[in-house]
2 protein chains.
Amino acid sequence: MVGGGQLARMTHEAGIPLGIRFKLLSDTAQDSAAQVVNEVVVGDYRDLDTLRRFAEGCDVITFDHEHVPTEHLRALEADGIPVRPGPDALVHAQDKGVMRARLAELGVPAPRNRLVSDARDVAAFAAEGAAPGTGDGFPVVLKTVRGGYDGKGVWVVRGADDPNAAEPFKAGVPVLAEEKVDFARELAANVVRSPHGQAVAYPVVESVQVDGVCDTVIAPAPELAEDLALGAQEIALKVAHELGVVGHLAVELFETADGRLLVNELAMRPHNSGHWTQDGAVTSQFANHVRAVLDLPLGDPRCRERWTVMANVLGGDYPDMYAAYLHCMARDPQLKIHMYGKDVKPGRKVGHVNVYGDDLAEVRERAAHAAGYLRGTVVE
Amino acid sequence: MVGGGQLARMTHEAGIPLGIRFKLLSDTAQDSAAQVVNEVVVGDYRDLDTLRRFAEGCDVITFDHEHVPTEHLRALEADGIPVRPGPDALVHAQDKGVMRARLAELGVPAPRNRLVSDARDVAAFAAEGAAPGTGDGFPVVLKTVRGGYDGKGVWVVRGADDPNAAEPFKAGVPVLAEEKVDFARELAANVVRSPHGQAVAYPVVESVQVDGVCDTVIAPAPELAEDLALGAQEIALKVAHELGVVGHLAVELFETADGRLLVNELAMRPHNSGHWTQDGAVTSQFANHVRAVLDLPLGDPRCRERWTVMANVLGGDYPDMYAAYLHCMARDPQLKIHMYGKDVKPGRKVGHVNVYGDDLAEVRERAAHAAGYLRGTVVE
């Protein structure tokens, strides 16, 4: 696996029971996954020679992130190394412009969008979206087509004279303009697909964002109409099939107030919206990603529990979490803590907790309490 | 953790979510756990210098097996390294003579037993157990007090002229004679205890042995009378408390036809009879062992499912199990496979499977089928 973050850490954890050998390419020997994996190559994934050296002895290569250059992936494939997901699929998770164009071809519903070149283009894009007599069409969302995550690389432009209308163009990366969807909530439809075409769809979940960062995931999404749930799974399965995805695909969606689904983002790797599966599904996203990548039959994706809630633990002001561990574990013996071995920095994702049970309100409270206590924002 | 077997492998897996650093002392770099752990010291656990070098930087030391010499454990403690379980507890899992004497002091029910020196002693021990007019008191079980496992170091002596009556004395290790209990079935009562004295008791399970090796574990033990279940848990909690055990304690018991419980063996580490907890309990034995050793509050030991069945996978005639994986995973998408990364040798424990559900007969059939198919004894 290329990339030493928490996704690789948890993929390794899920691979251990399968008896496989797991080799890691990591930026440093201290990265989250590098701490727990036996075979670690420290190197730069942007360097083809490093990738080739890493690939020696690997049966297949997969990824903790989408940042490996497409041309390097093609070079590895030319060397005879299976790359899963492959470059032709992965480019849709790397480049939002390519993704938007392809989803439009497939007829998958998405926010109105267009590549833009400057602030004047942005104003024109906005105006096209303005209903007659309703103003200038702002706000509009601008995104760099590559490199953004967790709210980075995303700007909301509230009017033609908003400084954000010019900011995204400074990096010299193509910029995509999108309508700012007035959504009721955010959903994620996660699926896993094998090279031989088997696919499984996880229950659709609700994802609650705070400041552009995933805060809480509720599985399954509460009170989601069955046709919307099936529609979201169908979109994700269609995208996985048409794009030839191998492994885990997360499709982030907006549910609009008038009951439509619009695709927001794609990720082709285990995803934060699937962390609940570690304790709440029969087969976790990590185990199924490994099974898919190795072309093994996939495991059952269904819920084991009525409700499972995942809450991210962000770093707070206290670098040593041992005392908080004591409190949280003693308070809730059913709490499932997943920490990433990362140094605590304010706002950094350093772990998550999963809680399951029959009473959603109680389950949410327990998850939020534990995550808040570990961060230091809940005191008792 | 000292010892590179599958117990260390699965303990590491369970420790990853806690964000801890796991260091391993392993006989070879190819051992089951050594394949998946980042920090591996290859060396001989019987050598104190090796142990001391390994212990540098460790906050606490625990074990995958009971074979580290007691005097070495005392030396590490004198160096200031917490050893959990400590030598005063662990000696009861290392030496069956010490264990039997201590359990007798505690009034814990056990098979009639005595240390014996030669075949004549064995005949005298047998005769003492013969009810009037019922013969010579054979069969009798002989065990070397140290070093036995999985049926090794155990002999059944069927009469005074049975060659097995002399065999155990050849190794020069003290030998324990025990009555051969006419048991209805074997049970295991597993508990985990912390340094600060918190303890949790797992549901009592039934353990089915074949040729002296654990074949199947059923959780909870079917149709076990509630007073016997509570009695077994009380015995295990009492032993853990009185012996000062820290970590997981497995108490293997005989249930006699007339409804009594007799303690057969103790193990102070994660144990084969607790593997079902990985998928069938709220907190696995491995996670709770780690939490105990680190003096963190313990997790809920209760069942998540009505029935969970564990079946061991023994090595068969086929060294490459990939084809068997394909079949088993495709046949049963709920099957939980746990392989140890070991080379397949006939009869060697190379993994186990867990299956859970509401119908015990169906759950047993699925577990036995998968374990048999992976071994190569079931063909379809």
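Cβ coordinates are placed from backbone N, Cα and C, and glycine is handled just like the others.
Curation does not apply to TrEMBL; its annotations are automatic.
Binding of ATP is attributed by TrEMBL to B:Lys143, B:Glu178, B:Glu179, B:Lys180, B:Val181, B:Glu186, B:Asn264, B:Glu265, and within the candidate set B:Lys96, B:Lys238, B:Lys336 the record adds B:Lys96 to that site.
For the recorded site, B:Glu186 (ATP binding site), the DSSP three-state label reads strand.
In this structure, the binding-site residues under consideration are B:Glu178, B:Glu186, B:Glu265, and the one with the smallest number of other Cβ atoms within 10 Å of its Cβ is B:Glu265. The binding-site residues B:Lys96, B:Lys180 differ in how many other CB atoms lie within 10 Å of their CB, and the one with the most is B:Lys96. With B:Lys96, B:Lys143, B:Glu178, B:Glu179, B:Lys180, B:Val181, B:Glu186, B:Asn264, B:Glu265 listed as the residues that bind ATP, the site has a largest C-alpha separation of 18 Å. DSSP assigns B:Lys96 (ATP binding site) to a helix.
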